[in-house]
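J.: If you scroll down you'll find the structure; I have some questions about it.
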Amino acid sequence: MIKQRTLKQSIKVTGVGLHSGNKVTLTLRPAMPNTGVIYCRTDMNPPVTFPANANAVRDTMLCTCLINEDGVRISTVEHLNAALAGLGIDNIIIEVDAPEIPIMDGSASPFIYLLLDAGIEEQNVAKKFIRVKKPIRIEDGDKWAEFKPYDGFRLDFTIDFEHPAIGKDVRNYVMDFSAQAFVQQISRARTFGFMKDIEYLQSQGLALGGSLDNAIVLDDYRILNEDGLRFKDELVRHKMLDAIGDLYMCGYNIIGDFKAYKSGHGLNNKLLRALLENQEAWELVSFEDKEEIPQGYVSPAQVFI
């Protein structure tokens with residue numbers, strides 16, 4: 001039986017909020033089987049919980065933001081959510097003493113280290129997957145994203161920025177998902193932004209924690225980070241990271257083919273909602289025998305950084 005996974009122990013880290021610029025403490029705790037992914041704001045009295053759910057994503061302007069019925073929000077969840085998807089963590093309580101998850105270095109890599117440091121424990125309950133049965137496509141102008149059936153989880157992402165530092169040879173990335181592939185190829189890819197946009201956001205009291213330490217920053221001609229890029233195609237890899245985090249808002253690893261052109265948090269979420277709303281387009285499955293499971297999901301807890 002392919003089993004559900006949680007953490008062996010709780011673990012804590014402190015970072016900076018991307019938009020507030022304030023110190024944020026993040027605590028990750030083990031959870032019982034079938035709990036799912038639960039975000040919790042402990043700075044509220046009483047604490048407010050946000051189960052990871054496609055319908056709870058109600059703001060995708062600058063990041064993926066969960067908002068409850070009372071208008072309380074928790075922002076910038078996508079990088080941590082991607083790390084959970086990458087390592088196949090089904091059940092976890094995520095506590096944060098602020099309205100946003102700390103940005104860390106702008107990638108999912110610090111969260112991978114944190115989760116592996118806490119340890120991953122299998123639970124004696126079958127892990128469930130969402131298997132795509134029929135094609136689903138969402139379009140917005142020239143942007144689009146789609147799911148198709150596939151025996152595994154394949155991602156194909158294309159960006160299209162007209163910028164001297166983003167050549168046409170680094171605008172597409174394709175990956176067959178596995179924990180190993182995610183950790184080595186995707187998790188270290190950092191978020192990025194353009195200097196003129198960051199300056200405007202900061203003038204509006206946003207992105208106050210944004211810096212060259214937690215983002216790739218571009219002016220009109222070049223990349224401003226002294227150390228350059230971690231991968232020549234780091235920007236499109238980060239967009240794939242975002243998509244993995246956004247799609248894991250359903251709470252299950254996906255078995256299917258995901259392809260996107262110029263997609264972002266909003267379109268990723270619309271695609272996920274469209275899939276879940278069409279009951280004939282997907283099914284919830286579990287596997288008794290490792291021989292039956294797509295290869296990429298066989299041993300998500302065993303990775304080498």
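Cβ coordinates come from backbone N, Cα and C, glycine included.
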J.: Which residue of His79, His163 does Swiss-Prot report at the same Zn(2+) site as His238, Asp242?
T.: His79
J.: Count the other Cβ atoms sitting within 10 Å of the Cβ of His79 (Zn(2+) binding site), across every protein chain shown.
T.: 30
J.: When you measure from the Cβ of Asp242 (Zn(2+) binding site), which residues in the chain that are at least 6 apart have a Cβ under 8 Å away?
T.: Thr64, Glu78, His79, Ala82, Thr191, Gly264, His265, Asn268
J.: At a 10 A cut-off on CB-CB distances, which of the recorded positions His238, His265 has the highest count?
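T.: Answer by Cβ density within 10 Å: His238.
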